[in-house]
Structure formats: C-alpha cells, structure tokens
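Visitor: Take this structure first; my questions come after.
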Amino acid sequence: MTVTGDDYAFRPEERPTFVGSPAAPAHPLGRRLGYAAVAVLVGVAATLGNALVNVNLASLSGALGVYIDQASWLPALYVAFNAGANLMLVKARVQFGIPAVTGTLLIAYALAGLLQFVVPGFAAAAIIRAVSGMTAAGLTTMTIYNLLQVFPGRLRPLSLVIGIGLTQLGTPLARLVPVEMLALHQWQGLHLMEIGIALAVLAAITALPLPPSDRAPAFQPLDFAIIGLMLPCLVLVCGVLGQGRLLWWVDTPWLGWALAAAVPLFTLAWLIERRRNRPLIRVHWLTTLDMARFAAAALLVRVSLAEQTYGAVGLLTAGGLINDQLHPLFAIVAVAMLGGTLTAALTLSEQRLPYQVIAASLLIAAGAWLDSDATSLVRPPQLYLSQALIAFGTTLFIGPALVLGFLRMVAKGPDHLVTFMVLFSITQNVGGLAGSALLGSLQVASSHWHAQTLSEHLVASDPQVVARLAMGGGGPLGQALGREAAVLAFNDVFLFVAGLALLNALYVGYLVLFNTLRRRRGS
C-alpha cells in the first residue's frame, strides 16, 4: 500500500507513536527497501559534513586565516547547536510537521554552504557549523523515522539501534575522503560537498516522503525563554571544552569567565522549569536516581570513546603520519561499527540491554589496553584490532543505551520526549567534546612530565646523545625527546581510558545485580 495523503484511515497499530512522529502503515517490500536506502543516506549525511571539518581542522584553519585554537570554535559550535537543537525541533515537528521542519533545516544548511562562496571566512564557517549542528539533530531523527517504515510493529525498536548506529559512520567515512578533493580552491571542495549532502538528502526525502503525522499546537511563550537561556549556555560550555586544552585551563582568564557566565543562564532556566506546569525540560525527572544513573553510564562510555577520535589519531600523527595513510585503518573501523550495529540489533531485548552496555564497555577497555604499549614506531596495522574493538563497542553501546533511555521515557509519557532527547544528545555530543578535552589535557600534562623525566636521564657522555648533538645541535635531540614523551603520554591516556571503561562496566554490573536482588526481595 502506498500512503501519500492525509485521507488514508490508519488502523490503531499504524497510528503515530507520538504527536509529531510519522504513522507506520504496512508498506510493500519495494517501498520498505526505499525507506531503508533513504535511512542509510540520511544517517550517514547527518554527521559526515561535520566529520569532514573535524578531521581536516588543522589544515582548514590555515585556509581560514586563523590559529588552531580559533578554528576549534567550529566543532564546539556544532556540538552546542546539535545538543540544544531538540529543545526546538521536537515541538517544531509537532506544530509544523516533519516535512516543513526537515526541509527548512536542509535548505538553511545548503544556503549556509553557499555563504562561504559569497563571503568566505571564519564567520561564514561558524554559521555553517551552527546550522550543521541543528540539521544533524533533525537528520538523526529522520533516520529513525525512515527505519520505522521498514520494520513491522514488534521489531520497531530496531529502528532506534540501527538509526543511531548509522550516524556513527560519519567520522570513519570522512577519514576515507581524499584531502586533495576537499582542499580544491581554498577548500571550496569541502563546501561543495556539504551543499551536495544537503541537496541529496532533500531530494531523497522529497522523492519518498514519510507517511503523514498528527499535528497540534506545541510551543508556549516560555519555551522560547528556555531556549534563549540554554543555547548560549551550551555555546559557552562547549567553547570552554574546545579551547581549554589548547589555551590551557589556568592560563586563560576568559575560560573561567565563560563558565561563570554559563552558570546563571543554566540556573535561571532550571528555576523557571521547576515552577512551570508544562515545562519544556522535566527537571524533576532528570534529578531522579534512575535517570542520573543512566546519564552517568552514557557519559562515561562516551568520554571513553574519545580514545579513537583523539587518542589513536593523535598517536599516529605524533609518529608523522597524515590522513591519507590512515585510510585502511578507518575502513576497518567503519566495518567494525557496522558489525557492532548488526550485533546490537540481533541481540536486542529489554532484558539484555544492560548486558550489551557492559559488553561494549569491556570491548572499549580491551581496545584501549591493547594500545597502551605503543612506541613511536607504531603504524596503523598495529592498531587494527584495538580500534576495531573500540568501534564495535561504540555501536554496540549507543543503540541499546538509546533504547534503554527511550523505554524509561515511554513509561513517563510523551511530554518527557524533549527532556530525554536533550539529555541523550548532551551526554553523547557534549560528552564526546568533554572526552577529547579530558584526554587531551591528560596527554599534555603527562607529556610534560615524561619530557622532564627523560631529560633528566640525558648525560653528555652518552654516545647516542653525542651523536644527536653532532647531527645539528640540540634540535634533533629535542625533537626526539618530545616525540617519545608524547607517545608515552598517549600510552597513559590509553590506560586511563581502559580503566574508565572497565569502571563503567563494573558500575552497570553493580546496578544490574542491585536491581535483581531488590526484585527478588520484593517478590
């Protein structure tokens, strides 16, 4: 059956799960395959544009005429607007409909890309990243909505697992794109690719639209006040997380002032929401022990996952490798992520969700531990196994974690949807940025310590020291010392991540045991 209009009478089981979500009627096989193809396109497109910027940020900063610390505002803006987007998008879909909201985001994304051709520079790049962050949030939801059309009723939770898994492919796929293609004509190749991504997705969702959804008035005047408070708060926090390890936390006064400014913004939003009858964010639910545990576990794993995006890449970069030499490694990472998504989908059940999170944490811990004895001679083949384990654990974790939180939200009611979406987005997006900031800071501090320790063992009578000095003074010797200190520091980071992931596995295991014993006592 083809559903193209609002005149079709949906059966009860086909009705939208929530107001603002699409209906899910029975489709013929060909149409289901079409929705699956659109879901793959939209899921990858959701994060690919930003990933292309992140993996080429150092080179892109030169083209923009800014230093790397200034360029680091670009991923920070993306994360802030991505994390805060669901404050608006959930209710916008309810009030205006899915096609209008998604189409507006994609057109805005394409126009922002064109802006870089009209007035090229850092300001235009910042606007693109902000719009890209909001668009990515909308496309992540669209991926899940398209997959809802693929699976019949009792299998619909698979759409959450596979949908969120597809969005994780952006970073490894971005590593496979040749830098030369993106850097054409002062990185116009990158901007053209982002415009192409937006237009391709717009064409796909227009050619195969979702079934209609129920619409209703949703926004209240105070909602816009909360959005106006939370969005700058997120921008300030993400800016500090992005800049802290580069400018150093205690050496740059404005970092402290930015955090100080974020506190009253957040506090005022929190106080307003506590007193509202129909709040945008259900702060009482957020402060329950159950949701605090969920957020803590999700955040710990996401911080651990920075081992791949920051740690492994940083280690190889310290060894002198460039992005083009990492293609085989990230091809394996992409395949491992697909494997993790498939495994999570095939083993999905409400009872197994905590065990999937435990297994994912243990895989991440094992991968990080395998990396912890690296040397300056390490090359991508030595990291294939460890990074495959971490990639597999990434998608084995994120899908079940989303389902676990979603089930808690459903038990509370649809008015808790915005709260859950914002919480999950913050733990995953801001958590990822915080993970890079934490691991980067640990690496810098540890590198300084190792450099000092190594320098204390250098003596003028050592033949190797004499040879290095004879090669050109202290320059080559200092470079070698710095390189070895950086590698040792990355090893410390990997051990820290292994411990953190193991701690999370033990914590979730404790919660499972505690809840099991409590149920037995209650019965």
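Every residue number used here counts from 1 along the chain in the order it is shown.
Yeah, the Cβs are placed from backbone N, Cα and C, and that goes for glycine too.
Annotated transmembrane segment per TrEMBL: 33-53, 73-90, 97-119, 125-148, 160-178, 190-210, 222-242, 325-346, 353-370, 390-410, 417-439, 493-513 (among others), in sequence order.
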Visitor: Taking contact to mean 3 or more CB pairs closer than 8 A (sequence separation of 6 or more), are the transmembrane segment (190-210) and the transmembrane segment (417-439) in contact?
Guide: no
Visitor: For the transmembrane segment (33-53), what are the same-chain contacts with Cβ under 8 Å, counting residues 6+ beyond its ends?
Guide: 27, 60, 74-75, 78, 109, 129, 132-133, 135-136, 139-140, 142-143, 146-147, 149-150, 162-163, 165-171, 173-174, 177, 182, 190, 193-194, 197-198, 200-201, 204-205, 208
Visitor: Please tell me whether the transmembrane segment (417-439) and the transmembrane segment (160-178) touch - that is, whether there are at least 3 C-beta pairs under 8 Å between them, with each pair 6 or more apart in sequence.
Guide: no
Visitor: Counting Cβ pairs closer than 8 Å, which of 97-119, 160-178, 325-346 has the most of them with the transmembrane segment (390-410)?
Guide: 325-346
Visitor: Going through 73-90, 125-148, 160-178, 325-346 one by one, which has the most CB pairs that fall under 8 Å from the transmembrane segment (97-119)?
Guide: 125-148
Visitor: Report the listed stretch (73-90, 125-148, 160-178) having the maximum count of Cβ pairs within less than 8 Å of the transmembrane segment (325-346).
Guide: 160-178
Visitor: Are there residues at least six beyond either end of the transmembrane segment (125-148) with Cβ under 8 Å to its Cβ atoms? List them, or say none.
Guide: 21-22, 24, 35-36, 38-39, 42-43, 45-47, 49-50, 53, 60, 64, 73-75, 77-83, 85-86, 88-89, 93, 98, 101-102, 105-106, 108-109, 112-113, 115-116, 156, 158-160, 162-164, 166-167, 191, 194, 198, 201, 205, 210, 425
